[in-house]
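> Structure below; questions to follow.
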Amino acid sequence: MLENIRDAVRKFLTGSTPYEKAVDEFIKELQKSLISSDVNVKLVFSLTAKIKERLNKEKPPSVLERKEWFISIVYDELSKLFGGDKEPNVNPTKLPFIIMLVGVQGSGKTTTAGKLAYFYKRRGYKVGLVAADVYRPAAYDQLLQLGNQIGVPVYGEPNNQNAIEIAKKGVDTFVKNKMDIIIVDTAGRHGYGEETKLLEEMKEIYEALKPDDVILVIDASIGQKAYDLASRFHQASPIGSIIITKMDGTAKGGGALSAVAATGATIKFIGTGEKIDELEIFNAKRYVSRILGMGDIESILEKVKGLEEYEKIQKKMEDVMEGKGKLTLRDVYAQIMALRKMGPLSKVLQHIPGLGVMLPTPSEDQLKLGEEKIRRWLAALNSMTYKELENPSIIDKSRMRRIAEGSGLEVEDVRELLEWYNNMNKLLKMVKRRRGSIDKLFGGKIG
């Protein structure tokens, strides 16, 4: 899936096919790639319908080309498909912190227990592993081998068939030894299709241990079948989260991820390889960036981020116009940094008042002048203290000299910035509550 979609993005952005035709071709390739990755057909067509709806309803911001804007919509909607902005919390909320792993046979649960232990050990926690999978003869030996490999102690009783008893003893032992995180590897004797028995066993061990987190381990190769298992687990264990393993070895990883995300369950980690350190905190946006080709879309995402930051500053200016608060030099700094992310000066300088480049098509000399002015202003702002940025009225002549010396500028440069800032605040008060004033002030909306 990754290669096909990545190639489609590159072809779309660099090809000479007319825009409308290129969009249709891209959407067809996206549908084909997602379905071949075992993403549910209904989810796929719902996704592409949303993309088309946004194309018809929304207008591209001026800082993005039409093709860039389209890819930013694809990025946004794909991110939602795989879980959106939901950020998993991987930090323990208390110590000791008990994690219980559950999963069917073959899901990679025991290997994941070792990876998880290594993940937390690298973060400075004292970790203990409990081998409570009594149904698979090799489970204890495997966990012991992993523990020795990463220097983490393992508690197990190879001759005891009582999983609950082993789990309780193991947890008690590690609590006495002042371990920070205790990971319990429970039985995985049931195959897919026997989820009811798996969840019943999970509840029994849960009642005995009262763990702080229950994690269901799912093999990515089951694709969209993950929906039923994840859904039932999510309903049975409100504190639970999910790890999807073997993402590197199957074409169905996208299907498993989208299926789990559709249940509302939290995907905490994904396994990206066989090595002990190949466990990655799951982030939907980062995953989608990888699908689309980070190198191809990085500049687009940077522009979108700049636009979002700019809109926050614009909202602050509207508040100032309404008499709520005052614009600070910190806001000015944030505004300039946001505009710099949005692309060439020929597109964005006209949106900053007072730079002398307010013409629709600034000349090359005007652009150079504006660019130099921005460079000087940023240097001055970077030389100011927190108090000066928040309250510019305290900047007297001696402070101006210090700022100028610290930034390699003349005092006149600092004075010019402060005069512009004061004029800006006066102008904002003058146009208070007047509809469209912010657009006049900025020479036209960016979005």
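Including glycine, each Cβ sits where the backbone N, Cα and C put it.
So Swiss-Prot lists the following for this protein:
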type: BINDING; residues: 103-110, 185-189, 245-248; note: GTP binding site
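Mind mapping these onto the model and telling me what they sit next to?
A sphere of 10 angstroms centred on the C-beta of T186 (GTP binding site) encloses 31 other C-beta atoms.
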> Using other CB atoms within 10 angstroms as the count, which residue among the binding-site residues G103, G106 scores least?
G106
> Tell me whether T186 (GTP binding site) sits in a helix, a strand or coil according to DSSP.
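Where T186 (GTP binding site) sits, the three-state DSSP reduction gives strand.
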> When DSSP is mapped onto helix/strand/coil, what comes out for M247 (GTP binding site)?
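Looking at the DSSP assignment, M247 (GTP binding site) belongs to a helix.
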> If you draw a 10 Å sphere around the Cβ of M247 (GTP binding site), how many other Cβ atoms fall inside it, taking every protein chain shown into account?
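22, counting other Cβ atoms within 10 Å of M247 (GTP binding site).
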